[in-house]
């Protein structure tokens with residue numbers, strides 16, 4: 001039996017349903033046979049966040065840090081599986097604490113970037129970080145559309161964390177590497193990330209460029225299918241963790 005055939009139809013609530021990602025996800029979900037669009041929320045909608053939580057089976061959030069924080073307050077009262085695609089949280093916002101608390105009851109998937117290419121780039125960057133000595137300088141450049149609020153992007157921060165972790169594992173005695181990071185907001189660029197390892201005699205570059213936001217909605221649908229089809233246990237997940245299981249199946253399965 002195919003996964004899709006074994007899934008009971010679920011109601012999906014989109015938070016941020018009139019935004020760039022919300023519109024794409026609305027179009028994509030309308031074509032999925034095993035789920036249907038329930039009530040959604042945007043700043044202009046007449047539906048309350050509480051209604052969206054109580055009247056849907058699964059929530060997908062691409063809104064703003066402020067709205068996400070309020071959404072989590074309602075989810076802690078009425079737990080539902082949730083995919084969080086919003087970025088730009090500050091350390092003192094309390095969102096991380098709320099996510100951790102919610103994950104005690106339901107699966108919580110936090111994804112700064114749902115593109116498979118972004119996951120592969122991070123894997124390659126971590127691998128390269130282990131090979132290139134600390135004498136190599138590291139730089140991350142990211143570019144997004146002018147309306148994106150957070151800079152540096154969540155994806156760039158995640159890349160830096162992966163590189164630092166890999167360096168710490170391979171060069172324990174060396175100080176934590178300095179990673180130069182730059183962000184640009186230009187036009188309607190969907191997303192570009194470039195990681196450079198620069199030595200005295202060479203430069204190694206890993207670049208990922210997104211041409212269409214459809215790649216992000218496709219990644220969200222993969223995550224959604226994993227939640228619905230495999231009965232993902234309660235816990236805190238990232239898109240990397242779920243892609244890692246897919247990677248293991250493709251390469252070693």
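Each residue, glycine too, has its Cβ placed from N, Cα and C.
Worth saying up front: this structure is predicted, and the values here are computed from it rather than measured.
Summarising the annotation, Swiss-Prot assigns NAD(+) binding site to 16, 17, 18, 19, 20, 21, 85, 86, 87, 111, 112, 113, 114. Cβ neighbour count for residue 112 (NAD(+) binding site) (all protein chains, 10 Å cutoff from its Cβ): 21.
Neighbour list (residue 44 (NADP(+) binding site), Cβ cut-off 8 Å, at least 6 residues apart, same chain): 18. Swiss-Prot lists 44 with the feature NADP(+) binding site, giving sequence analysis as the kind of evidence.
Residues annotated as active site, proton donor/acceptor in Swiss-Prot: 144. Under the DSSP three-state reduction, residue 144 (active site, proton donor/acceptor) is assigned to strand. In this view, residue 144 (active site, proton donor/acceptor) is surrounded by 24 other Cβ atoms within 10 Å of its Cβ, with every protein chain counted.
Counting only residues at least six positions away in the same chain, the Cβ atoms of 185, 186, 187, 188, 189, 190 sit under 8 Å from the Cβ of residue 145 ((S)-2,3,4,5-tetrahydrodipicolinate binding site). Sequence annotations record features per position, and here Swiss-Prot assigns (S)-2,3,4,5-tetrahydrodipicolinate binding site to 145, 154, 155 based on sequence analysis.
Spatially close to residue 148 (active site, proton donor) yet at least six residues away along the chain are 185, judged by Cβ distances under 8 angstroms. For 148, the entry in Swiss-Prot reads active site, proton donor, with the evidence type sequence analysis.
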Taking only the CA atoms, the spacing between residue 20 (NAD(+) binding site) and residue 144 (active site, proton donor/acceptor), expressed in whole angstrom, is 13
Quick check on the binding-site residues: of 18, 155, whose CB has the lowest count of neighbouring CB atoms inside 10 Å? 18
Would you find the one among the binding-site residues 16, 85, 154 whose Cβ has the most company, meaning other Cβ atoms within 10 Å? 85
Might you list, by sequence position, any residue in that chain lying six or more from residue 114 (NAD(+) binding site) with a Cβ less than 8 Å away from its Cβ? 85, 215, 216, 217, 218, 219, 220, 222, 223, 239
